[in-house]
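Working notes, structure below.
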Amino acid sequence: MKLIILEHYSQASEWAAKYIRNRIIQFNPGPDKYFTLGLPTGSTPLGCYQKLIEYYKNGDLSFQYVKTFNMDEYVGLPRDHPESYHSFMWNNFFKHIDIHPENTHILDGNAADLQAECDAFEEKIQAAGGIELFVGGIGPDGHIAFNEPGSSLVSRTRVKTLAMDTILANARFFDGDLAKVPTMALTVGVGTVMDAKEVMILITGAHKAFALYKAIEEGVNHMWTVSAFQQHPRTVFVCDEDATLELKVKTVKYFKGLMLVHNKLVDPLYSIKEKEIQKSQSAKKPYSD
């Protein structure tokens with residue numbers, strides 16, 4: 001397990017974006033080899049998405065051979081509703097990059113058979129070869145996707161009733177009107193995310209500090225679903241200073257002492273422009289008789 005500690009939200013977002021960029025480029029995706037990326041919604045990943053868009057616009061990164069799978073979607077909210085996760089992903093990420101729409105996968109909260117929709121989502125992930133890198137965020141209570149306190153740590157994609165705390169927290173997106181807030185959602189399970197080859201969790205802000213403490217310094221507990229990722233062989237937690245406020249000083253010092261090593265994951269920062277130059281140079285073989 002790696003814990004990446006940066007001073008500010010913007011730095012944490014940039015580190016995460018650089019990591020995604022390097023992972024995609026090093027994977028060397030192509031028509032017969034897609035990079036599969038799990039993605040979250042919410043305010044936490046916005047900074048990361050903005051940097052990824054910047055990399056694409058600068059010609060350093062392409063999503064042409066990337067398939068994405070989103071974590072969750074509300075039940076009963078029209079797809080074009082401004083607060084649907086379809087709208088969120090399109091407006092904040094997908095429409096700004098070169099990803100093909102058919103390679104983006106988001107659960108349909110208006111499907112006639114919701115559980116069949118969840119089962120089909122799991123099948124699509126398997127058909128794509130599994131998730132190479134699943135990026136997630138958490139709530140103050142440590143929930144990932146809509147796997148709220150008490151969720152099974154081996155759960156799969158399913159229909160979930162939302163906790164009142166989540167409904168209250170989401171009311172700000174619906175004009176403060178609780179009657180407008182969806183009470184159910186479709187969500188990947190903890191087990192679904194655990195099946196990914198690698199997991200990166202973004203945790204920023206003092207209001208997430210206790211959840212990070214539970215994830216790092218205490219044991220695995222279904223009341224704090226983020227703690228399950230202690231048992232994943234390749235977990236990267238990326239946080240800002242504010243999110244570490246509940247951690248022991250020696251814990252923070254220990255992981256900061258590893259930053260020289262961990263920063264090698266994003267330095268050097270790879271670019272598809274450089275790869276194209278290398279390809280063209282290798283294609284120009286010197287004359288020999």
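Cβ coordinates are placed from backbone N, Cα and C, and glycine is handled just like the others.
Because the structure is a prediction, the values reported are computed rather than measured.
Per Swiss-Prot, the features are as follows:
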type: ACT_SITE; residues: D72; note: active site, proton acceptor
type: ACT_SITE; residues: D141; note: active site, for ring-opening step
type: ACT_SITE; residues: H143; note: active site, proton acceptor
type: ACT_SITE; residues: E148; note: active site, for ring-opening step
type: MOD_RES; residues: T161; note: phosphothreonine
**Asked** By a simple count of other Cβ atoms within 10 Å, which of H143, T161, the recorded positions in the record, is least packed?
**Response** T161
**Fill in**
E148 (active site, for ring-opening step) and D72 (active site, proton acceptor), compared by Cα position, are separated in whole Å by 13
**Prompt:** Just counting, how many other CB atoms are there within 10 A of the CB of D72 (active site, proton acceptor)?
**Reply:** 21
**Number of Cβ atoms other than its own within 10 Å, given for E148 (active site, for ring-opening step)** = 21
**Message:** Under 8 Å between C-beta atoms and at least six apart in sequence, can you list the same-chain neighbours of D141 (active site, for ring-opening step), or say none if there are none?
**Reply:** E148, P149, A163, D165, A211, W224
**Message:** Between the Cα atoms of H143 (active site, proton acceptor) and D72 (active site, proton acceptor), what distance do you get, rounded to the nearest Å?
**Reply:** 12
**Message:** Measuring Cα to Cα, how far is D72 (active site, proton acceptor) from T161 (phosphothreonine) in Å?
**Reply:** 12
